[in-house]
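First comes the structure, then the notes that go with it.
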Amino acid sequence: MALTLRSSICVISKRETRVLKSVDDFSANKVSCSKSKPSFGHNKLITKSSMQETHFTTENNNSAVKKTNKWEKIHTPSVTHNHDADSNSVPVFVMLPLDTVTMGGHLNKARAMNASLMALKSAGVEGVMVDAWWGLVEKDGPMKYNWEAYVELVQMVQKHGLKLQIVMSFHQCGGNVGDSCSIPLPPWVLEEIKNNPELVYTDKLGRRNPEYISLGCDSVPVLAGRTPLQVYSDYMRSFRDRFTDYLGNVIIEIQVGLGPCGELRYPSYPETDGTWKFPGIGEFQCYDKYMRSSLEASAAAIGKKEWGTSGPHDSGQYNQYPEDTGFFKREGTWNTEYGDFFLDWYSSKLVEHGEKILVSAKSVFQTTGAKLSAKIAGIHWHYNARSHATELTAGYYNTRFHDGYLPIAQMLAKHGVILNFTCMEMKDREQPDHANCSPEGLVNQVRMATKIAGGELAGENALERYDSSAYGQVLSTSGLSAFTYLRINKRLLEGENWRQFVDFVLSMSDGGKHRLSEADSYGTDLYVGHIKGIKESDVIIEIALV
């Protein structure tokens, strides 16, 4: 059935606030948007995000904890990066749906996607981001790649004058926050895992996590005769060869997946089957035979064989709190010689894993003109505890006395890789007291680490947010080279949400000069004010619904 969408988009004003339909929101009816100027007047608009409804509290005084240790100053300062003449303008990208490409290898709802890209262009965004799923592209067998749906998408993005960030997604989709579909690893890889379950991360009770191949076997030929590192490199090389004509002009950034959710971390807080729930501390993921072998060797090398027999015995369970455990409590095992040994080994293995893949990616893409980036998780709960327990189980050796992000930032900066960090939209006062959160402190620490390392910092929001408070928090973060918004969907394109998003994009373009009022930045009552009209022309989009 065919659908005609008439919208007044044209030349596009930075303040365009037309209500446009999302990829998932086209019905089998004709939709007509008037050519007349939008008029919203001085309306009071009430918004609540889903996050506010579930986790927000009115105040959180945890962020006021005094810092007494000299090193801890890295957590709090405001950082201003040096920029060139145009760098005050921060380009905004928008993530496309996780199922942009179907399991059958086709572009999902292509005509509706075309309309959504037009809407995003009208808002003034720089471009979009999409996952290139390993489980889709190399589904039919080792080195049998199908990029055709992505070719169609890239051409569509180019047609609208947008840019593309593309993620080399070597992880499973499904089982984490925000995962709206299921895309497993390639069937032939799952068959290898079935024959050798030790290929995936494992917790102390032997529970396997199929999200991502364990870094312990990075250099072992366990995937149909190739090592995981070779498989990732071959995949990226195939991508480069297929998209040579678009790299550096349309495809301007390659985000290299380095772990679950594409992030450089261990799968320490899996939501699958209710294993973990916020704000649990998670568990160490070092119990597959490859990780255990590495731990044994490291312990033997310093004459402490007994330290290599297992991970910490007193580190608790997924949903406990730091003070419930011997390892993570205030004066726990984390702050002993053994704790330092284990945490250094666990985190160093993660950084080494990331560097090996990024060195390979650098070799593959170095002449293309496309930038490389890597994503680091924003694990903000229990940040105010001395041990930073949740960060430790994820692989970030970050405690009251040890900076876990500087080594990562230095590694990325050494290879010219952008550090992409999440939870940019969160405020300390919005978090529940019992979770001991400080997303603002965490962002500041990562920002400082990136500055010290001489690297480049980009950001994302961790959860779906549509309110001016979240946008205002992003605007207050100085030094970003780009921001990627999570994600386009029906709710974003609803009237008041769309208007605020367009206003946010304009503010980022203006370097934060154009902002909502102070009252609105906190509020539930959001004043939008008069929206200026634009010079318009008719645009007719034919959308075929299958």
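Heads up, the Cβ atoms here are built off N, Cα and C, so glycines get one too.
Copied over from TrEMBL, here are the features:
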BINDING   Asp131, His171, Asp179, Lys375, His380, Thr422, Asn461, Ala462, Arg487  substrate binding site
ACT_SITE  Glu263  active site, proton donor
ACT_SITE  Glu460  active site, proton acceptor
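Of all the active-site residues given, namely Glu263, Glu460, the one with the smallest number of surrounding CB atoms inside 10 A is Glu460. With the fewest other Cβ atoms inside 10 Å of its Cβ, the least crowded of the binding-site residues His380, Arg487 in this structure is Arg487. If you measure from the Cα atom of His380 (substrate binding site) to that of the residue listed as 'active site, proton acceptor', you get 14 Å.
Under a cutoff of 8 A between CB atoms, and with a sequence separation of 6+ in the same chain, the neighbours of Asn461 (substrate binding site) are Thr422, Cys423, Met424, Glu425, Ala470, Val474, Tyr485, Leu486. Residues near Asp131 (substrate binding site) in space but far in sequence (CB under 8 A, at least 6 apart, same chain), listed by position: Leu98, Thr100, Ile166, Val167, Ser169, Cys173, Gly262.
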